[in-house]
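Features reported for this protein in Swiss-Prot:
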type: COMPBIAS; residues: 17-28; note: compositional bias 'Low complexity'
type: COMPBIAS; residues: 29-39; note: compositional bias 'Acidic residues'
type: REGION; residues: 17-76; note: region 'Disordered'
type: ZN_FING; residues: 79-101; note: zinc finger
type: ZN_FING; residues: 136-159; note: zinc finger
type: ZN_FING; residues: 350-373; note: zinc finger
type: ZN_FING; residues: 392-423; note: zinc finger
type: ZN_FING; residues: 429-452; note: zinc finger
Amino acid sequence: MKNYFYCYPKSKIQMISSFEPPSSSSSSSDEDSDDEYREEDGNSERSNSKVCIEEVEEVEKEEIASRKRKRGKTKDEFHPCPFCEKKFRYPNKLREHIKIHDSNRYQCLECSTITKFGTYGELRAHHKLHHSKASHKCPQCSYTNEKPAFIRRHFEQNHVDGIPCTITGCCIKVAKNRLKAHIKEYHTSIPLSTEQTRSKLSFNKCPLCEYKPDVSDDDPEQQQKDLEDHVQRIHEEREPALCTLGCGVYLGSGSVSEHLSTCSSLIQNIPSSSQSTPALQNDEWNDANTETTLSTITGTSSQFERDSVSEVTNDLSENINDIDEEIEFGTTEPPNKIRKHSRSRVHGDFSCEICLKTFTLRDNLRKHVRVYHSENSQKVVKSTGPKHQEQYKCDRKSKDGDETTCGKTFRTEQALHDHFNVHDGIKPYSCHTCNQKFHARDRFAVHLSKYHQTSIKDLTARVATFGC
């Protein structure tokens, strides 16, 4: 029997020792002698294996030390870069690093002259700018592409299915999300700051005749004002009116509000802030344009002793109507204080005699009495003062098909009615420029402000003026 032990590496096979146990010429009949022989054989094998492992470890250590001596370096030795302070353990890493310091290692192979760049990104930008294959260009904007199919898709999405530009005189259609970029790129004279003037809806000509605004002026506000003056002067037959305050100035169309801020008669007749507003006594109006105070309408609690809430409501409504009639048919003496507001928007401190809620406008008090304290009213208001906020709850069925109600609450009645449009699937608010429809008025206002630089107030005034 022979035992072989090998040393690492396998390519260098070395026989460490061999062992041949003594052989018996004849079969032994004594079992004790066989047991002793097996014990001696096992002990010799274990001792030989320990000696072999120790020798293998010593050989490996000597080979590792010899390889390090041949390299001529240790762990603490590094290769420094001659251009910077970096150090590298291996020379190939240093060679790759030195290429970074070569500022002109990227060369354009398509230029007639030698053109080199320090980074690959600069080379790509140069190639895209001067050697790009995008030979196809959009006929209405600066979009380019190397494939005609992309040009056709861009033209359909942006210029066919898009919305018209809101600037007067521009007939280009663009995508809704690119409208601001189009105005910034092609209409540089129009400021797009955070406090920009909202441009009106564009009209290329008068809807009643063939008149067109002056296109030499690039400002859309001036073009729109010119068109409005034309409609008021020609189609509505309005002549310049004399100022009713007695200053002798003739007012043109659209200049009433500007004149009131600088009218000499108005400035002279405005009393100082220290003077109190004259009270109206004995149901006689000495001044038809004087603001109404709280004492004029409400009075004390002893003066209004009623048997029921309906009587108080009726008397309060009669008092408000009497004030309106006295304002309308009152004396025409020169007023001590001129108000810019109309007759229906008289300011003051108006209080409800039933719930003691106060209002600054008489119209709001009238509306409050009609909604909360009339005989047909079903709403209940708490006498907690003006801080109380009404909650309008939706009683429609849920959209999921369950028998439960929706249960959503809203602060205003208008918001509740807009929410009903969601249940009914109705979109009553439509944008005439891009044909987009909305359930709620607030979402329509956000759309006009974001994409058309206008507001619902301007749109309503435009419809009232032009009918479109």
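Keep in mind that glycine also has a Cβ here, set from the backbone N, Cα and C atoms.
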If you average the pLDDT over the zinc finger (350-373), what number do you get?
82
Can you tell me how the residues of the zinc finger (429-452) break down into helix, strand and coil by DSSP?
11 helix, 4 strand, 9 coil
In the zinc finger (350-373), how many residues does DSSP put in helix, strand and coil?
11 helix, 6 strand, 7 coil
